[in-house]
Structures are given as C-alpha cells and as structure tokens.
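Some features that Swiss-Prot has for this protein:
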BINDING   41, 42, 43, 44, 45, 46, 47, 48  ATP binding site
DOMAIN    5-239  domain 'ABC transporter'
C-alpha cells in the first residue's frame, strides 16, 4: 500500500536569543490512507512542530514531506487543521464560519446552492444542524469544536490534522467528541493525525501511536500498533486486557524510557 503522508528525514531548527535550537532531528515515518495516528509525548517534544510541518504551516530545515506523493510546500485544502482553540470568527454564525472555508475551496466547482447544501450537510454530520445561525458566543466549547471539525471536513481533506482538539473540554464533552471523531473516521475513511497528552484517548482512537522522545532533538522513539477491533466501545474496552496492555506500554515509554524533567 502506498503511503498517503511521508515524513522523510525531517529536522527542524529555530533561531533563539541564546542560539540555535534543534526541535526535531531526523524524523521519518509513513501514514496510510484511512489510518488514525496519534502523536504523544511530554511537553516540548516537538509534537506541534511536527503537525505544523505536515500542515505546511512551516517548512523543515532538513528533509522533506510528501502528501499523496507531492511535496508539502505550504498549506493546502487536502490537509485541514483543527486546533485546541476553535478559531471561529465570533461575529459570524456557525454556517458562515464553515462557509468561509467552503467558498475558498469550492467557489468555482460548486454553485451557491450546492455550497449551501454542503455546508449544512457537514454541520449536520457533527450534530450542529440546530445551530446554523448561532454565533460562537451563543454555544458551548464542545459545540465550537464540532463547528471547527465541520469546517475542516467541508474542505474534503485527504488528511484531518487535530492539535489537541479536546484538551480544553470537560470529560463528558470530550468523550462525546471522541465518539464523533470515531464515527466520522469510520463513515468517511478519513486519515487522521492527532496530537494528544491523553494515553486513554490515544489507545481508544488510534491505529498507531507515535511516541516522541524528549526534546531538544526529539524524534519518534517507538511506534505502537493498536490492534483493537473497530468499532470501539469505551465501556467494553475498560474490561479488555489488550487495552490495558497497550496503555501500559505507552505509560512505560513516557515515564520510564522518557521521564519528564523535574
């Protein structure tokens, strides 16, 4: 199977007041169509830097990245990003926030009526059809993230990039959105790359977990295959010995092999 995303010998340096800082060193891995990949590691290990490189928001100092066998040289609609901060424009309705992305990508290929139907379809997909005409200040944090996901999906991306999208949410809202992401991935076969600090979230959602070494000069230390059948049910997994074994492997890497500095 041909990889959809290829990260090839990537290093990333930054100039700082105290000199050059090597954030990532010689990072290489492939991501295949329909996979859900989690990036996990301690703060400062370069997870967001790596996601920004895949998004094309930044370019690597060394090495290269490919999406569908084309060089990633900047942002593109085939790689949609959802940040922890929903990034919705507060003066626009939920519908209009999604419309900004849809109009930019599909203005020439869809009629105005088709774009309207597509926007509504994607908001319905994340259970936000009831809030089309509400502004961000009128809805909850979890609902804002749903609109952000709808906006990303409406671009018809090949890859959905999630930068700790549930980190600021309460536990129940977080669980509902995790379930929504699993349902979307299953129905659309979307390729997902997600940053998380949550070990349980990584095991629940992922096909593979990329565990990052501590920075500076961080790299992928180990890759864990999550061979749990889908669809996954969090209640059933709580009693599954395989789930607990996978969880323990991640914890062992993070706190035994890569202990966080005090």
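Glycine residues also receive a Cβ, built from the backbone N, Cα and C atoms like all the rest.
Neighbours of residue 45 (ATP binding site), defined as other CB atoms within 10 A of its CB across all chains, total 25.
The sparsest Cβ neighbourhood within 10 Å, among the listed binding-site residues (43, 48), is found at 43. Each of the binding-site residues 42, 47 was assessed for Cβ neighbours inside 10 Å, and the highest tally belongs to 47. When the binding-site residues 41, 44, 46 are compared by the number of other CB atoms within 10 angstroms of each CB, 44 has the fewest.
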